[in-house]
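Annotated features in TrEMBL:
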type: TRANSMEM; residues: 21-42; note: transmembrane segment
type: TRANSMEM; residues: 67-89; note: transmembrane segment
type: TRANSMEM; residues: 110-135; note: transmembrane segment
type: TRANSMEM; residues: 141-157; note: transmembrane segment
type: TRANSMEM; residues: 169-187; note: transmembrane segment
type: TRANSMEM; residues: 207-226; note: transmembrane segment
type: TRANSMEM; residues: 247-268; note: transmembrane segment
type: TRANSMEM; residues: 274-297; note: transmembrane segment
type: TRANSMEM; residues: 304-325; note: transmembrane segment
type: TRANSMEM; residues: 331-350; note: transmembrane segment
type: REGION; residues: 394-435; note: region 'Disordered'
Amino acid sequence: MRVAEAASDPLAAIALRSSRALRRIFVLGIALAFGIVFARLLSVEGRGLGFDAQSHALGGWGAADAAVMPLAALGAVAVAMLLLVVSASEERLAAVMRFGLPGFDDRARAIANGMVWAGIALLAVHFAAPAFAWMPGGHEAAGVLLGTVLGAGTARLHHQAIGHEAYRTFNLVSMLLAAGSLGAMSITPTGEWWTLNFSTLGTSDDLAAASFNVGIVIAGLGMAVLGPALTRALGEARFAARRGGLGAARVLIAVIGASLAGVGLVPIDTDTLLHNVFACAAAAGFAGLAGCVRAFARRMPRTLVVLSFVFLGIEVAAMFAYQVLGLFNLTVFEIVAFTLVFAWLIALVATTHAHPAAEPHELGLATAAVAAHAHAVPRRRLVPAASAVLGRPAGRDDEARLRGPRGVGSDRPRRLGVHSADASADDPPDHAALV
């Protein structure tokens with residue numbers, strides 16, 4: 001974000017400046033959830049010696065499991081360190097390398113992110129294995145399929161969008177929600193919760209319920225806080241935001257986030273009506289985002305517009321299949337709904353931030369890097385024609401070499417802002433033209 005843009009959008013500037021602190025909070029929550037999962041896997045149940053979650057206040061762990069707790073803690077620390085590297089900015093990685101520690105390129109960080117997501121999918125299927133008994137190959141085939149798809153997809157996305165501050169933070173928000181649910185799945189005493197709904201994971205009044213409820217509360221609040229950062233690029237001139245459109249998008253994102261937090265604060269067994277009100281508010285907020293996508297700006301990315309209507313159609317079809325046809329239960333519908341919400345917000349960042357500008361705290365680093373590169377460019381001896389030498393002011397060649405070709409530099413932003421006169425102002429630009 002340029003300095004002028006930061007001044008004109010103070011909410012986005014505040015959200016971006018707070019991203020570093022938020023990422024640390026999210027990483028801590030994810031690591032704690034993985035600590036619960038590792039402890040369960042290393043417990044007597046994990047070694048096939050039996051497990052009775054209802055007989056222990058902390059999810060079935062007894063004295064025989066005390067020895068595995070340090071190992072589970074080490075695993076949680078390893079996950080935290082990995083995610084700090086995965087979500088770090090270039091500025092922070094450069095600071096780490098100055099201490100002699102190894103560097104990590106974007107590809108390695110993307111693969112690591114995909115591996116964590118693949119692990120979440122595999123473990124979720126493992127802890128809900130009976131729910132996949134109907135599939136050919138059982139839960140093993142389901143785990144491999146879901147883990148491969150989610151891991152490969154998130155790795156590719158992370159590699160493409162790793163330069164966006166808002167994306168790196170929101171990736172952790174999504175992961176915290178998934179990891180908190182995973183921790184609850186691993187030790188819940190509620191039995192076959194998947195036959196009811198996800199909210200059942202938060203009703204056992206123990207560590208499992210805390211993992212689910214706290215995870216969804218922090219993830220929801222994080223989403224609400226990050227709304228200005230997620231929508232920052234919509235304020236750029238190339239999208240021609242409508243009057244009030246940017247604020248409306250941020251309000252709807254805040255509604256979704258606050259509603260998710262409400263779902264965690266009010267478990268379904270505490271106040272069913274209020275819990276369902278929060279859940280419906282989250283669904284309505286997403287319907288408003290996807291259905292009114294053309295109302296936020298006159299030139300929204302065509303890819304985002306298409307995805308919005310596709311996602312909205314999927315949500316309506318899933319609701320019809322659940323409530324009218326009874327093809328699946330509420331748990332499946334909740335999985336579809338949550339996936340669509342987070343996928344749409346990630347698509348918003350990926351499409352509107354097609355050309356990431358430097359964030360405010362990275363301007364000094366970027367300027368220094370450009371200056372260093374300019375001084376490092378080897379000066380080539382040019383032998384121009386005599387007439388050209390006599391007619392050219394001294395020093396112009398050196399300045400031209402430092403500036404680079406005009407078509408690569410200053411002309412590119414100018415081309416992005418040009419639209420043909422016969423094109424409608426409401427027609428979204430082809431996303432390929434912005435690449």
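Keep in mind that glycine also has a Cβ here, set from the backbone N, Cα and C atoms.
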Segment proximity, the transmembrane segment (169-187) to the transmembrane segment (207-226), 3 or more C-beta pairs under 8 Å: yes
Contact between the transmembrane segment (67-89) and the transmembrane segment (304-325) (at least 3 Cβ pairs under 8 Å, separation 6+): no
The transmembrane segment (331-350) and the transmembrane segment (169-187) contact flag, 3+ Cβ pairs under 8 angstroms: yes
Ranked first among 110-135, 141-157, 304-325 for CB pairs under 8 angstroms with the transmembrane segment (169-187): 110-135
Cβ contacts under 8 Å made by the transmembrane segment (21-42) with residues that lie 6+ beyond its boundaries: 59-61, 65, 68-69, 71-73, 75-77, 79-80, 83-84, 87, 123, 168-169, 172-173, 175-176, 179-180, 182-183, 186-187, 207, 211, 214-215, 218-219, 222, 225-226
